Amino acid sequence: MARDLSLLAPEIVVVLTAVGALFFEMLRLPRVALPLTIVGLLVATGLTVPLLGTETTVFSETFRIDALSEWAKLTLLPATILSVVLAYPEVRDTEREGTVYVLFSLTALGALVLAGAGDVMFLVLGVLLSSVGSFALVAYPADDRATEGAMKFFVFGSVTLAVMIFGLTYWFGAAGSTLLVDLDGLTAIPLAATFGLVAVLVGLGYKASLVPFHFWAPDAYEGAPVSVAAFLSVVPKVGAIFAVAQIARDLPAETGWPLAVAVLSVISMTYGNLTALVQENVVRLLAYSAIAQSGYFLLGVVAVGESRLAVRSLVVFAAAYAAMNIGAFAIVALSGTTLRNFAGLGRARPAAGVAMVVFLISLVGIPPLGGFVGKFLLFGAAIEAGFTWLAVIGILNSVVSLAVYLRIVVPMYGRAKETPVSPPSVAVVWVAALAFTVAIGVAAQVLLGSVA
């Protein structure tokens, strides 16, 4: 038991951080909750570093300590910190300030549970924990748009979770166990395998905003504060994608899951990019972009078990995606949520304009930035696993995405106009995100050399 708890030290620190922030909120000291949350999440990140390279399980194989769960912490905890800092100007001096920090921490914990799940019960727990906090984060402004977005999010999430739990009962009945390592027995009962697979793809596809389980995302992102939209586009999404990868390690290929995941990838990439082309609201544009990015993630998932690049491509792309997406939302917080708000931004604020261009071309996958490294590895993993056709579709979609992001870039360098003064915390977020995005790209030779 002591060994298990020591391996779960990062998750325990996140729980204690949330409890501490809630305690200070009860004492009417929300400003103490902010530094406590940041320090707590930093400590949890630091406690993850000694675990790198560990491949084991805890609590009778129900939770995994492996590359996916370790790198999820190293990616999602810093992403949560940046989201909390971005949220500070939005919630400062409000009665909900401390509560918001608690919700960020607990939702991040749910994503970490998903990323390390070794049992179907942990999958359900992770979805529940990350969903409840997400609903509240979207709804907390309590205006009409936020309420509408939260209601759609809640209704869709409740239905998909019910479907997921129902389908997982087939897996449990067929395998005689809730452990993922026992899923290899499903080949003898194909009907149960199919029902369970569909259920998992529905439940986790909703968390990752994969098409056709994405309908909640654009409205929720638009109705939520920008910091929450940034957070939802990264943390629960990456946790769900890593959970699908954990399942893919144990689910027999005979169940047909690689083809099903590949089809979801194509639909998500294509629909996300094409729909983003016609958006006038930048938050909705980035929401559909995030749907397309989920499709790119699945190129790594289909290669799990067949390519040595699969897990590495997922963790590298997750790190790059977290930095560039949160950075892009930070610039939205600085300038405004419509394309009209971006007119002249690059001339009025050259540094922020350059940063936004870097984030967007990294999302496209243009070298030498972090997004390029991640996509290069994802495409390589798919090709190595025999999904060359999927990699080609991914490359074509990346070309289409260039047109999407040019819709933001072109107005930025039109006639300069005055822009509102942004809080220093917003600048901290986009500068940090920019540094991470560039650093991952600069480290490309090291990353690719270690793969060769």
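Placed from the backbone N, Cα and C atoms, the Cβ positions cover glycine too.
Record features, source TrEMBL:
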- 117-400: domain 'NADH:quinone oxidoreductase/Mrp antiporter transmembrane' (DOMAIN)
- 6-25: transmembrane segment (TRANSMEM)
- 71-88: transmembrane segment (TRANSMEM)
- 100-117: transmembrane segment (TRANSMEM)
- 123-141: transmembrane segment (TRANSMEM)
- 185-206: transmembrane segment (TRANSMEM)
- 226-245: transmembrane segment (TRANSMEM)
- 257-278: transmembrane segment (TRANSMEM)
- 285-304: transmembrane segment (TRANSMEM)
- 316-339: transmembrane segment (TRANSMEM)
- 351-370: transmembrane segment (TRANSMEM)
- 376-406: transmembrane segment (TRANSMEM)
- 427-448: transmembrane segment (TRANSMEM)
Self-check item: Contact between the transmembrane segment (71-88) and the transmembrane segment (226-245) (3 or more Cβ pairs under 8 Å, separation 6+)
Solution: yes
Quiz item: Near the transmembrane segment (100-117), which residues from the same chain, at least 6 beyond its ends, have a CB less than 8 A from one of its CBs?
Solution: 10-11, 14-15, 17-18, 21-22, 25, 30, 33-34, 37, 40-41, 63-66, 68-69, 72-73, 76-77, 80, 83-84, 87, 91, 123, 125-134, 136-137, 140, 180, 204, 207, 231, 235-236, 238-240, 242-243, 246
Quiz item: Under an 8 Å Cβ to Cβ limit, what residues of the same chain, 6 or more beyond the ends of the transmembrane segment (376-406), are close to it?
Solution: 258, 262, 265-266, 269-270, 273-274, 276-277, 285, 289, 292, 295-297, 299-300, 302-303, 306-310, 312-314, 316-317, 360-361, 363-365, 447-448, 451
Quiz item: What else in the chain is close to the transmembrane segment (123-141), if you only count residues 6 or more beyond its ends and a Cβ gap under 8 Å?
Solution: 91, 96, 99-100, 103-104, 106-107, 109-115, 117, 147, 149-150, 153-154, 157, 161, 164-165, 168, 200, 203-204, 207, 220, 223-225, 228, 231-232, 235-236, 239-240, 243, 247
Practice problem: For the transmembrane segment (226-245), find every same-chain residue at least 6 residues outside the stretch whose CB is under 8 Å from a CB in it, and list them. | Solution: 68-69, 72, 75-76, 79-80, 82-84, 86-87, 90, 104, 107-108, 110-115, 117, 123, 126-127, 130-131, 134, 137-138, 140, 200-201, 204-205, 207-209, 217, 220, 261, 283, 286-287, 290, 294, 297-298, 300-301, 304, 310-311, 314, 318, 321-322, 325-326, 329-330, 332-333, 337
